[in-house]
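Chemist: Sharing the record's features from TrEMBL:
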type	residues	note
DOMAIN	45-105	domain 'LIM zinc-binding'
DOMAIN	106-167	domain 'LIM zinc-binding'
DOMAIN	226-286	domain 'LIM zinc-binding'
Amino acid sequence: PRSLRREMAERYDCTECKESLYGQKYVLREEKPYCVKCYEVLFCHNCEVCQKLISCTSKDLSYKDRHWHGECFLCTKCSRSLVDRPFATKDDVLMCTECYSNEFSAKCHACLKTIMPGSKKMEHKGNSWHENCFTCNRCQQPIGTRSFVQKDGNNYCLSCYEKQFALQCVHCKKPITTGGVNYRDQPWHKECFVCIGCKQQLAGQRFTSRDDFAYCLDCFCNLFAKKCAYCTTPISGLGGSKYISFEQRQWHNDCFNCKKCCVSLVGRGFLTCKDDILCPDCGKDF
């Protein structure tokens, strides 16, 4: 606010109420003069805390269209002044950064202290750590962004985990860190447990073995299964699939039909004529 002396010749009035400002305190706003009363009505705000007017002679602290007296701008938790101090808000509640962190910031899973806003933190499965607290349980070195394995609530860098816990693949002799396969009480990498014939991975699919070697069903059938006397394709006999056997010959159930009329002979009497099988009715012709 400023004041004018009487010796000024021209009129100098309040922009709003037109009252003379000679000898009065006034405020300039955008080069327009206002008496203190009009200025406070038009432009001053009420304090968020005490709800009283923040006069033009008081310090107005504002944040996101909200206003406070300097003496009212305090942390809601500890009541310390937030003037010239970092602060944060939660649901429009003002707090110093220390109180905000204690109330809302994550706690380190290792040291149980607050992870301050702005500081680097590591997260895994809902837990948080200070960067320097996120260490390998064996070598105690910070893990940082390196790969790691969690076991029994502890974190291990891959090197330490392999030395302490990992099984060795019976095929390649290297440690198995994730997703191994157990076959005949021996550990395998998924990518090492393959069909001896076509090298296709066997994990998660049906397979069989012969002479201690694992085979996918296709390779096993092609190599070892008996051939159907009618269609000549392999008869696996695996998984409960049914077939007919007679005098050193085998048929798929669906292939065991009369050579002449094609009626199914499964569970019925039949006759043979050289390599053919016939139903009793068709066999009368022979």
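In case you wondered, yes, glycine gets a Cβ from its N, Cα and C as well.
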Chemist: Mind checking how the domain 'LIM zinc-binding' (226-286) divides into helix, strand and coil residues in DSSP?
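Modeler: In the domain 'LIM zinc-binding' (226-286), the DSSP-based counts are 10 helix, 21 strand, 30 coil.
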Chemist: Express the predicted model's confidence over the domain 'LIM zinc-binding' (226-286) as a mean pLDDT, rounded to an integer.
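Modeler: A mean pLDDT of 80 is what the predicted model shows over the domain 'LIM zinc-binding' (226-286).
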